[in-house]
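Q: One structure follows; several queries about it will come next.
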Amino acid sequence: MERILRGVMRYRNTTREQMVKEFQKVRDNPEPKAVFFTCMDSRMIPTRYTDTHVGDMFVVRNAGNLIPHAHHFTDEIFSCEPAALELGCVVNDIRHIIVCGHSDCKAMNLLYQLRDPEFASKLNRRLSPLRSWLCTHANTSLEKFQEWRDAGMKDPILFSSETPLRRFVAYIDSEDKFAIEDKLSQINTLQQMSNIASYGFLKARLESHDLHIHALWFDIYTGDIYYFSRGAKRFIAVDEHSVDRLSAEVRRFYS
């Protein structure tokens, strides 16, 4: 905690004045461009690796960058993730939702271990809020992963997206560059796109193409950011060779 307090003092003496100016500008002209869901991992600093600034994004973080499917909620019982979707996309009229997973995700590493029925038992879930969270809200990701792995890890996986009729397929790590848990992380990231589309209060905007869902994936060991290209049907590294092509895809599909 002392390190945090010393950091506050450095902020007061360096960037505070500039940030206050940015806060005032945002107060008068709020124009956030995205709701950004990512993991709570301390290595994930989305404003840094997207070069975004004050007022650019609403950022929501949890263990495993999960957005629970709407069928988990009844009456007035909700979690913060759908509330964030409403605040961003209904109250503030944001048009883009981004889900960003990452390599060496501790939540995904644990989810991979939850393939063991004993490890995922009801008793163990009662003792561990994290296991319960993953078993409840990431089980669909794990099931998709296990079916894909049992089939040989070569076939594409089918996901639903903005509407039941707008589906896409994804080839996962065709070059076999990443660990098995990272492959699960990529599948989980794509599954959240389907989960987001399950909320009725987003239905009209999704169907009218006024709201769009994207997936990113961050390799923390190389610093590379991958964008899921529906045209290429895979995660593509965003770099000097791909950025113009990916930007053209975004304009074509999401304008």
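The backbone N, Cα and C atoms fix where each Cβ goes, glycine too.
Values in this document were obtained by computation on a predicted structure and should not be read as measured data.
Annotation source TrEMBL lists Zn(2+) binding site at Cys39, Asp41, His102, Cys105.
Help me understand the surroundings of these features in the structure.
A: Cβ environment of Cys39 (Zn(2+) binding site): Arg61, Asn62, Ala63, Gly64, Asn65, Cys100, Gly101, His102, Cys105, Ala107 lie under 8 Å away, each six or more residues apart in the same chain.
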Q: Could you name the residues, excluding Cys39, Asp41, His102, Cys105, of the same chain that surround the Zn(2+) site, i.e. Cβ within 8 Å of the Cβ centre of those residues, in sequence order?
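A: Other same-chain residues with Cβ inside the cutoff are Thr38, Met40, Arg43, Met44, Gly64, Asn65, Gly101, Ser103, Asp104, Lys106, Ala107, Met108, Ser185, Phe218, Ile220.
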Q: In sequence order, what residues of the same chain, 6+ apart, have a Cβ less than 8 Å from the Cβ of Asp41 (Zn(2+) binding site)?
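A: Residues satisfying the criterion: His102, Cys105, Lys106.
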Q: Return the count of C-beta atoms lying within 10 angstroms of the C-beta of His102 (Zn(2+) binding site), excluding that atom itself.
A: 25
